[in-house]
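Report on the following structure.
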Amino acid sequence: MEGPAFSKSPKDKTIERAFLGVLGILFVTGGLASRDNPHQVYNITWEVTNGEQDTVWAVTGNHPLWTWWPDLTPDLCMLALHGPTHWGLDNHPPYSSPPGPPCCSGDAGAVSGCARDCDEPLTSYSPRCNTAWNRLKLARVTHAPKEGFYICPGSHRPRWARSCGGLDAYYCASWGCETTGRAAWNPTSSWDYITVSNNLTSSQATKACKNNGWCNPLVIRFTGPGKRATSWTTGHFWGLRLYISGHDPGLTFGIRLKVTDLGPRVPIGPNPVLSDQRPPSRPVPARPPPPSASPSTPTIPPQQGTGDRLLNLVQGAYLTLNMTDPTRTQECWLCLVSEPPYYEGVAVLREYTSHETAPANCSSGSQHKLTLSEVTGQGRCLGTVPKTHQALCNRTEPTVSGSNYLVAPEGTLWACSTGLTPCLSTTVLNLTTDYCVLVELWPKVTYHSPDYVYTQFEPGARFRREPVSLTLALLPEGLTMGGIAAGVGTGTTALVATQQFQQLQAAMHNDLKEVEKSITNLEKSLTSLSEVVLQNRRGLDLLFLKEGGLCAALKEECCFYADHTGLVRDSMAKLRERLNQRQKLFESGQGWFEGLFNRSPWFTTLISTIMGPLIVLLLILLFGPCILNRLVQFVKDRISVVQALVLTQQYHQLKPIEYEP
């Protein structure tokens, strides 16, 4: 067999490839920016392109980012569409049937319009794709033990691979550039992103070619480095060459990733946050329908404002509390907390559902990371939970097998280290250090007894204790969905209470939506402000004065910047002036002794140091003489007593003598 134009023995190629493979592994970062919610599902499309970067094969699925790595199975001839002329498909349109006449049968062409007999011996002409007979010869080459094909990377190769050439050599200008393929020396690599091989056996390919179909399908699999790369949205390219006698024909192909959101998020109109700040709408009195046989036109309910949403939160909390414990609502006050955190979570132990395909709510993830700053209780945890949060776990599942989607029960959410989400991807959970806790959301509504409210209106002379307030999530009985559902066994109002709880959950869900819209509008406002500030209007207007100014030269709408920093400086100056006045007023009310401490810092230190000894000395001078006199008098009295005892010991008492008359 005649060697190729840059022929080397397979043994030499194996040694050189092994030497080059030790030089390192290429890690590619960048590309698609990481999204906020790693469990959110997107519409992902893997596209295989030809040398003109036209899509010739694609596969689509709904999965989280960087979790779906399917096998790509394009046909080798599809990669040659609009490619080099020697492949015979330079004018063949993509996504169409194979070109050319079919093969003839074994008996001298019984099929009308056939080209030649596929059972006859194949000549040494180069394999092509324009007829069934040529595609059959291509299949024989790609499956032959001493022939085949090899792949060379182009866009992501390391620096030492500069000798591999460019598009003219299909990135395979020298031996050692090949990283995968199906050839006699079995080319491999430890850093390339893909492996390529045949997807059919020789007999299966022969049968498909004789039926005038695409009969040279490849199977492209992603390697470990390829799954770690995040630059697939820009695309990567490779070269493919056949290993045959003479010059090795080749082509180039690419692989790229296309990501789109499942649901559109299109803002309409000006900033909706400012126009949405409306008070609670008044209820419209019900009117009887007019007597008419014509059907009434359904009316669209007005959009709720901020006041309506806040009132719905308090009303939903009251209805839930009233149906579960009516004694607490006979006389009470429910207050919606007006400062963060606005919500608190209660960990619950409930059963989730597992799905093989992504449900609809998995694509409705938030655009921003919402964090719960207060979570109580014990519930179900997934992933590797740190020690600081293990107190929230009643049951922990470190890993979840398979590649499924875990949907939280109705009325609950997964509180993860990456934010709140209604759906989890086990693939993301097992590949990352993320952990999640199943929680129920409760608005920060404070429960007050009537005594607390009454004391607020009593005279100020009465001493008021610090109020003991409880939020709904911290009430002794607990108002979680699990606790409400437990009342079904005892009858009573469990079903109605569950409906009230769901109404409260719906109110919280609407409020969270508005919070997300507010964050989005704030982001857009900051972006718009930064664009305005970056325009150096004054200087550029002078440069483009002949064209009518900067806006006329750029053909853009003029932007104007309202600078309020001067007002801020004036306010700060007035604040400093008031502080100085208060300081002078405070100093004028001090006595001369207090003023000494404010004049010099060393004087304060000196006084505090010698004050103790001076006080002790003063006390000694005042009370020392009196104490000394009393002590001397006491000693004299004791000495007099001792002297009297000594004198009495020298004399004896005489007994009286009685004389008889």
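The backbone N, Cα and C atoms fix where each Cβ goes, glycine too.
Here Swiss-Prot flags Cys77-Cys129, Cys103-Cys118, Cys104-Cys114, Cys152-Cys172, Cys164-Cys177, Cys209-Cys215, Cys332-Cys335, Cys362-Cys416, Cys381-Cys393, Cys423-Cys436, Cys551-Cys558 as disulfide bond. Residues or ranges marked as S-palmitoyl cysteine by Swiss-Prot: Cys626. Residues or ranges marked as region 'Receptor-binding domain (RBD)' by Swiss-Prot on the basis of sequence analysis: 32-267. Annotation comment: Swiss-Prot describes 268-308 as region 'Disordered'. Taken from Swiss-Prot, the feature motif 'CXXC' applies to 332-335. The annotation motif 'CX6CC' is assigned in Swiss-Prot to 551-559. What Swiss-Prot records for 651-654 is motif 'YXXL motif'.
The Cα atom of Cys215 (disulfide bond) lies nearest to that of Cys77, taking the disulfide-bonded residues Cys77, Cys103, Cys114, Cys164, Cys423 as the candidates.
Look at Cys103 (disulfide bond): DSSP puts it in coil.
Cα-Cα distances to Cys436 (disulfide bond) place none of the disulfide-bonded residues Cys164, Cys172, Cys209, Cys335 within 10 Å.
The Cα atom of Cys332 (disulfide bond) lies nearest to that of Cys551, taking the disulfide-bonded residues Cys152, Cys209, Cys551 as the candidates. Checking Cα-Cα distances from Cys362 (disulfide bond) against the disulfide-bonded residues (Cys129, Cys172, Cys177, Cys423, Cys558) with a 10 Å cut-off leaves Cys423, in sequence order. Counting other CB atoms no more than 10 Å from each candidate's CB, the recorded positions Cys103, Cys558, Cys626 peak at Cys103. A Cα-Cα distance of 5 Å separates Cys172 (disulfide bond) from Cys164 (disulfide bond). Here Cys164 (disulfide bond) is positioned 51 angstrom away from Cys381 (disulfide bond), judged by their C-alpha atoms. Counting Cβ atoms from all protein chains shown, Cys164 (disulfide bond) has 21 others lying within 10 Å of its own Cβ. Among the disulfide-bonded residues listed here, namely Cys335, Cys416, Cys423, Cys551, Cys423 has its C-alpha nearest to that of Cys104 (disulfide bond). Listed in sequence order, Val445, Thr446, His448 are the same-chain residues at least 6 apart in sequence whose CB falls under 8 Å from the CB of Cys335 (disulfide bond). In this structure the C-alpha atoms belonging to Cys558 (disulfide bond) and Cys164 (disulfide bond) are separated by 51 Å.
It is Cys114, among the disulfide-bonded residues Cys114, Cys177, Cys381, Cys416, whose Cβ has the fewest other Cβ atoms within 10 Å in the structure shown. On a Cα basis, Cys77 (disulfide bond) lies 24 Å away from Cys164 (disulfide bond). If you take the Cα of Cys393 (disulfide bond) and the Cα of Cys551 (disulfide bond), they are about 60 angstrom apart, rounded to a whole number.
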